[in-house]
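S.K.: A single structure is presented below for examination.
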Amino acid sequence: MTSSPVSPTPDAARTAPEPQLVRTAAALRALPRRSGVRAVVMTMGALHEGHAALVRAARERVGPQGQVVVTVFVNPLQFGAGEDLDRYPRTLDEDVLLATRAGADAVFAPSVDEVYPGGEPQVRVSAGPMGTVLEGASRPGHFDGVLTVVAKLLHLTAPDLAFFGEKDAQQLAVIRRMAADLNFPVEVVGVPTVREADGLARSSRNRYLSGPERRTALALSAALFAARDRLTAEEALRARAASAGHPVQDRSAALAALGEDRAAADAHAVAYAASGPPHGPSVARAAAGAVLEDAAHLDPPLHLDYLALIDPRDFTEVPDDYEGEAILAVAAKVGTTRLIDNIRLVFTAGAAPYPAAAQGRHGGPQGKSAPAPVSGTTRKSRKSTPPQGPLGANR
Ligand SMILES: Nc1ncnc2c1ncn2[C@@H]1O[C@H](COP(=O)(O)OP(=O)(O)OP(=O)(O)O)[C@@H](O)[C@H]1O
Ligand SMILES: CC(C)(CO)[C@@H](O)C(=O)[O-]
Ligand code: BAL
């Protein structure tokens, strides 16, 4: 077995054998299997706090008796021509230390020849339709490459649990789908995105960014937060409109106390929020879009690849009357660095119709009947049919 022990650090809060660096499939097979469950965290190395969170989540889940294996492999199959395969950062020594500190028992870092001994594999896993949109459209074949290596690494590490980051939301979704569709005996666990203090999602590719590029790159997370904040504000207005519908008197008094201009603006905002069909998706898209548009004029500029608001079940764009959970995803280039980020949003129709009497003279949508309230649930969508699998089963 090719292995080099690495000293455990004092903050590794458990008694465990020294972590091992394992370079071959044979050595991995020879790794004694602990009595508890085994978890795997797959990475391409250049580890950071986002990866550490995955390892910590895995350790927490398997407990001291369980085993956490981190894989470090820059998979050529998932890189397109002209992408950054050659310059992708490779920092194995630091990776082993970071993985160890976070709670890993072993780091499996095979060579390309070890993973693909016969060269590029002829048989591959296809990600299907979900692998052709967004990231899959910008990086053709990317998810086939990801799934092929994930399938191989699952076979090699034979885990009970596999942890992946929500930062790569589409990747997590296609991996879940592969595990379900192809009966992989593994539980796929998603871990929330870890961010820098200023909001930038942690990513190995952040180290490509110069200072000015990093400032521009902040627009990705800023756009997502702008959408979330705008929706929160909209929901608050709807809630106020709903409560004002009952004690109209109280509401008038409260608005009068605010002073006329403010009252006009307030009444308008509340009436707008309460009126018409739910417009959360367009509000979210517009709020995020405005931030990204501004960033296109920065120096250096942000080059938007896509901004998409999608149904996490099939990664199709959600309609404007959507209710339920959605993912707002963004991809953009700053300089030569391509970055992605996403945030989860929940859309609810929520509020009761705003009463006509209370729309007053301040420009509320007069004469337009407000929609009947629709009970908000996190999984309800107005899509006519849920996505169906090839065998007709609802997924
Ligand atoms: N900020 C983060 N928060 C949570 N998970 C993350 C984060 N960054 C990466 N991960 C997860 O770590 C795993 C390994 O990802 P990978 O090694 O590609 O790192 P990365 O930072 O996403 O690198 P890159 O940006 O170059 O793709 C994936 O499951 C990924 O989703
Ligand atoms: C899952 C993965 C390790 C497969 O190469 C990679 O896509 C990554 O690091 O997210
Ligand atoms: N983090 C996803 C792997 C990739 O960008 O290739």
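Keep in mind that glycine also has a Cβ here, set from the backbone N, Cα and C atoms.
As annotated by TrEMBL, ATP binding site applies to 44-51, 165-168, Val194, 202-205. As annotated by TrEMBL, active site, proton donor applies to His51. The beta-alanine binding site feature in TrEMBL is assigned to Gln78. Positions annotated as (R)-pantoate binding site by TrEMBL: Gln78, Gln171. The region 'Disordered' annotation in TrEMBL covers 355-395.
In the displayed structure, how are the listed features positioned relative to their neighbours?
M.R.: Cβ neighbours within 10 Å of Gly50 (ATP binding site), excluding its own Cβ and spanning all shown chains: 22.
Taking a C-beta cut-off of under 8 angstroms and a sequence separation of 6 or more, His51 (active site, proton donor) has the following same-chain neighbours: Val41, Thr43, Val70, Leu98, Ala99, Ala102.
If you draw a 10 Å sphere around the CB of Gln78 (beta-alanine binding site), it holds 21 other CB atoms from the protein chains shown.
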S.K.: Round to the nearest Å and give the CA-to-CA distance linking Glu166 (ATP binding site) with Gln78 (beta-alanine binding site).
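M.R.: Cα of Glu166 (ATP binding site) to Cα of Gln78 (beta-alanine binding site) measures 18 Å after rounding.
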S.K.: For ligand 2, list the binding-site residues among Met44, Glu166, Ser204 whose CB atom is within a distance below 6 Å of it, in sequence order.
M.R.: Met44
S.K.: Can you tell me which of Leu47, Gln78, Glu166, our binding-site residues, come within under 6 Å of ligand 3 at the Cβ?
M.R.: Gln78
S.K.: Roughly how many angstrom lie between the C-alpha atoms of Gly50 (ATP binding site) and Gln171 ((R)-pantoate binding site)?
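M.R.: The separation of the Cα atoms works out to 15 Å.
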S.K.: Given the binding-site residues Met44, Leu47, which one is most crowded in terms of C-beta atoms within 10 angstroms?
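M.R.: Output for this query is Leu47.
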S.K.: Quick one, of the binding-site residues Gln171, Val194, which Cβ has the fewest other Cβ within 10 Å?
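M.R.: Counting other Cβ atoms within 10 Å of each of the binding-site residues Gln171, Val194 gives the minimum at Val194.
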S.K.: Any of the recorded positions Met44, Leu47, His51, Gln78, Val194, Ser204 with a C-beta atom under 6 A from ligand 1? Give them in order, or none.
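M.R.: Listed by sequence, the hits are Met44, His51, Val194, Ser204.
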